[in-house]
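TrEMBL has this to say about the protein:
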type	residues	note
BINDING	V91, S121, E139, D190	S-adenosyl-L-methionine binding site
BINDING	D190, D218, N219	Mg(2+) binding site
BINDING	K193, N219, E248	substrate binding site
TRANSMEM	6-26	transmembrane segment
Amino acid sequence: MLESSSVLLFIVFVLIFVLLLFTVLIRKNAAAVALIWHEIIREKITNFIMNQSKEQRILDFVLQNAVRGDPCSVVDTIDKYCSQKEWAMNVGNEKGIILDKTVEEVNPSVALELGTYCGYSAVRIAQLLKPGARLLTVEFNPKFAAIAKQMIEFAGVHDKVKILEGPSEEIIPQLKKKYEVDTLDFVFLDHWKDRYTPDTILIQECNLLRKGSVLLADNVIVPGAPEFLNYIRNNPRFQCTNYPSHLEYMKVKDAMEKAVFLG
Ligand SMILES: C[S@@+](CC[C@H](N)C(=O)[O-])C[C@H]1O[C@@H](n2cnc3c(N)ncnc32)[C@H](O)[C@@H]1O
């Protein structure tokens, strides 16, 4: 009798311990757990059931609910879909406001975006460009590039935006000759995080920065770009500012890093 009650007690203790361990792990990795749920499990199931990609669903929702030729309405409609229906890796509205302010401050003639995805940030940047200014946006996934093309056309900013399809490391060295770029006034880094540092170095090696060129990097906390932060903050040629914020469509902490090239 005594033996069976101590076994029971032991099992209860083990269960409580496992439960506590899970709670701590989930709390510590809330962002990772949420992203795995949204990006892998839920999305794959929905894609399978609907036989359609999430990015196509975002575009369809915009085509049905936004106003053609109105970039604000396109941005708002994407935010509505991604905050209410399915999470997606657009910069989102909270960090989008930081992006807008930076673009307004720089007032670029030539802007470069690394990572187009569905064209959300491209539409956001393009609507703030002065007449004659242009945005070059780089995307290596042809399916995303095709969605972004339709999104940008629907928003009515296609005359300001050119999608360059291919890996950033191949496109950057072509910017001067093939795309007639002298220097870049503004660069938005929002592609895979392990490319932030090598592409920043490549951009400098290709002489694409001028004194006062501004780089803005998204997601420096989540998924995180520690190597980039270490590189850029310890580089005397850049002056950095951090903008604490939250991961798109979530309460998880994230930040953007601005780096002004000092020449
Ligand atoms: C976070 S999403 C971009 C979101 C977009 N800037 C927005 O806010 O609407 C990152 C995108 O970068 C693309 N990407 C990642 N690494 C790349 C690379 N080296 N060259 C080109 N595109 C890349 C991915 O396919 C993905 O579509």
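Cβ atoms are placed via backbone N, Cα and C, with glycine included.
What TrEMBL says about a protein is an automatic prediction, not a curated fact.
The structure, with features from TrEMBL marked on it.
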residue: V91; record: S-adenosyl-L-methionine binding site; CB count, 10 Å: 24
residue: S121; record: S-adenosyl-L-methionine binding site; CB count, 10 Å: 27
residue: E139; record: S-adenosyl-L-methionine binding site; CB count, 10 Å: 28
residue: D190; record: S-adenosyl-L-methionine binding site; CB count, 10 Å: 25
residue: K193; record: substrate binding site; CB count, 10 Å: 20
residue: D218; record: Mg(2+) binding site; CB count, 10 Å: 30
residue: N219; record: Mg(2+) binding site; CB count, 10 Å: 25
residue: E248; record: substrate binding site; CB count, 10 Å: 24
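Within 8 Å of the centroid of the Cβ atoms of K193, N219, E248, where the record puts substrate, the same chain has further Cβ atoms from M89, D190, D218, V220, V222, P223, L247, D254. Maximum C-alpha to C-alpha distance over the listed substrate-binding residues K193, N219, E248 is 16 Å. Distance between Cα atoms for E139 (S-adenosyl-L-methionine binding site) and E248 (substrate binding site): 20 Å, as a whole number.
Note: the CA-CA distance between D190 (S-adenosyl-L-methionine binding site) and D218 (Mg(2+) binding site) rounds to 5 Å. Across the structure, K193 (substrate binding site) and S121 (S-adenosyl-L-methionine binding site) are spaced 17 Å apart at their Cα atoms. Highlighted here would be the binding-site residues (K193, D218, E248) whose C-beta falls below 6 Å from ligand 1, but none qualifies.
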